[in-house]
Amino acid sequence: MTAPALARFKAEGRKIVTVTAYDYPFARLFDQVGVDVLLVGDSLGMVVQGQETPLPVTLDEMIYHARMVARAARRALVVMDLPFGAAQISPEQTMAAAVRAMQESGCGAVKLEGGAVMAETIAFLTARGIPVVAHVGLTPQSVRAFGGFKVQGRGAAASQRVLDDALAVAQAGASAIVLEGIPAALGARITAEAGCPTIGIGAGAQCDGQVLVMHDLLGLYDGVRPKFVKQYLNGGQLVSNAITQFADEVRSGAFPSAEHAFKGE
Ligand code: KIV
Ligand code: NA
């Protein structure tokens, strides 16, 4: 998978399957079953680091995780989030962060949040050979400005703003746009009008692709669970059962049995 392949998927009506990943073992499993895009999201801050928002995540931390994911990816496109602060100051600063991301992690594209305000930066990076995935709607790095993780683009004015943001980043050369936390009808309209592929999370069924955070999908996170999450596995329960059984067997002496012990003097 490459960044330009995303446009081909849209043209062919083939859905873009995207899952977040933060380390080698999960990235390897997702790549092997044919996930198209592995997104190293700054959701890292919440689902891996246990913080309440993604705001504290640093560029060094993102690169560390993206490197593990890129090492596992044989086929999938690896996209790394530029964390809060790494893309907000100037196109030049963003370029420097994106170069570090690509050189040090091996990711194939970077993602940054923001609409029209980021268009200049997106054009700057794409003109210099860096594929950029944009992210509009409920952009979690703006959680403080939104006053919480709240659906965006409801009502005529807000809806027009999100549409304008999506059109601006598409025009600037974004390889794809993540649409998060917006009404399904708005997701459908952007997907029809933007010209570049859309990857939705809480943006309805008409998007060109869908993304979920792996811990939400697998039931490994018991923090906030937004309405758009579908849980496909009760991973937390499975892991609890296994560790409880291990603990019981250690305490009873049932583990290790002879088959797990070395023979001889
Ligand atoms: O950080 C993340 O995981 C994301 C996706 C939810 C789109 O940005
Ligand atoms: Na993110």
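Keep in mind that glycine also has a Cβ here, set from the backbone N, Cα and C atoms.
Computed from a predicted structure; not experimentally measured.
Here is what TrEMBL says about this protein:
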type     : residues                    : note
BINDING  : Asp42, Ser43, Asp81, Lys111 : 3-methyl-2-oxobutanoate binding site
BINDING  : Asp42, Asp81, Glu113        : Mg(2+) binding site
ACT_SITE : Glu180                      : active site, proton acceptor
Nonlocal residues around Ser43 (3-methyl-2-oxobutanoate binding site), in sequence order (Cβ under 8 Å, 6 or more apart): Thr20, Pro54, Pro140, Val213
Distance-selected recorded positions near ligand 2 (C-beta under 6 Å), from Asp42, Asp81, Lys111, Glu113, Glu180: Asp42, Asp81
Close-lying binding-site residues around ligand 1 among Asp42, Ser43, Asp81, Glu113, where CB distance stays under 6 Å: Asp42, Ser43, Asp81
Spatially closest candidate among Asp42, Asp81, Lys111, Glu113, the listed binding-site residues, to Glu180 (active site, proton acceptor) (Cα to Cα): Glu113
Those residues of the chain, 6+ apart, with a Cβ under 8 Å from that of Asp42 (3-methyl-2-oxobutanoate binding site): Pro54, Val57, Met62, Asp81, Pro83, Phe84, Pro140, Gln141
In the chain carrying Lys111 (3-methyl-2-oxobutanoate binding site), residues 6 or more apart in sequence that have Cβ under 8 angstroms from it: Leu39, Gly41, Val79, Met80, Asp81, Leu82, Val132, Val133, Ala134, His135, Val178
